[in-house]
Amino acid sequence: LSRVTRPALSPAAVDIQPACLGLYCGRTVLSVNGSVETYGDCGVCPRGQRTDDNKICRECVGSPDRYDWLYLGFMAMLPLVLHWFFIEWYSGKKSSSALLQHVTALLECGAAAAVTLLLSDPVGSLHIRSCSVKKLSDWYTMLYNPSPDYITTVHCTHEAVYPLYTIVFIYYAFCLVLMMLLRPLLVKKIACGLGRSDRFKSIYAALYFFPILTVLQAVGGGLLYYAFPYIILVLSLVTLAVYMSASEVEFFKDLLVRKKRLIVLFSHWLLHAYGIISISKLDKLEQDLPLLALVPAPALFYLMTAKYTEPSRILSEGGNGH
């Protein structure tokens, strides 16, 4: 390694020559002797570090802010919601095993999240150290490797948003392992109301959607980071309307009679509230908290107007008009 030694004065006073090219290339600190730091060649920063304004690799010592935790919560909810959907889809109306499978999926994802946090730096703590996200390109450092002579590429790809990018993959891996260890034994014992070929279909579905979620995070992690609040709002509204329409929910008494529909309604309300909180970040409580009063509005609007949009009623009125 070629070494460059400069006094470690203020960050603005550090002068590195020759210039370190590339948006994410930096020099690692080899040693510190008093106020003098010795730097290595310009290249990729080690894991857990990112470049500062002077192209020096500095260790990530911050903590995720509220929006970062909300993003991680969204990525953690995705497999859980998909588990619940496919369990409900393949369990059948007469099966009594769905509830226990729902609880098991919740325990799997919860245990995977806890283990992931405990194994992250600092190990053994539910807190994690991280680097702050400054812009979208921080998620795609592989696209910014410089080519000084247009022939040789200097590879400076590293996790500038440590650990928001890789921690999701670790969590998905633990979710998959725990599911394969626990769910088959549970389903084999309790899913007696299902056929032999149907009882494992929710597990087979997970073997498909986990790779899809992994590719989604790998390719669109940065886009999801900025767009997930709006994705939650749109999906919660669309799925609620589809569910109510498919279940033919027309009046409030329909919800009160069937508790399962009421649980689904409250679940959508929680997702809707999560999206509103993610957008507002609750920076100003006196302005943001009243927005949560809008959570029941879409469902109430649907229930009050469903009887006027029933297809059979519209066709009968159209026939009487002619």
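Using the three backbone atoms N, Cα and C, a Cβ is placed for every residue, glycine included.
Long-range contacts of the transmembrane segment (69-87) within the same chain: residues 98, 101-102, 105-106, 108-109, 113, 164, 167-168, 171-172, 175, 179, 201-202, 205-206, 209-210, 213, 217, 224-225, 228-229, 232, 274, 277-278, 281, each at least 6 residues beyond the stretch ends and with a Cβ under 8 Å from a Cβ of the stretch. Positions annotated as transmembrane segment by TrEMBL: 69-87 (among others).
Proximity of distant same-chain residues to the transmembrane segment (162-182), defined by a Cβ-Cβ separation under 8 Å and at least 6 residues beyond the stretch ends, is recorded for 47-50, 60, 64, 68, 71-72, 75-76, 79, 83, 104-105, 107-109, 111-113, 115-116, 119-121, 128, 130-131, 133, 139, 203, 206, 210, 213-214, 217-218, 221, 225. TrEMBL lists 162-182 (among others) with the feature transmembrane segment.
As annotated by TrEMBL, transmembrane segment applies to 203-224 (among others).
Under the heading transmembrane segment, TrEMBL lists 230-249 (among others). Residues 74, 224, 255, 261, 264-265, 268, 271-272, 274-276, 278-279, 298-299, 302-303, 306 of the same chain lie 6 or more positions beyond the ends of the transmembrane segment (230-249) yet place their CB under 8 Å from a CB of it.
The feature transmembrane segment is assigned by TrEMBL to 261-277 (among others).
The feature transmembrane segment is assigned by TrEMBL to 289-306 (among others).
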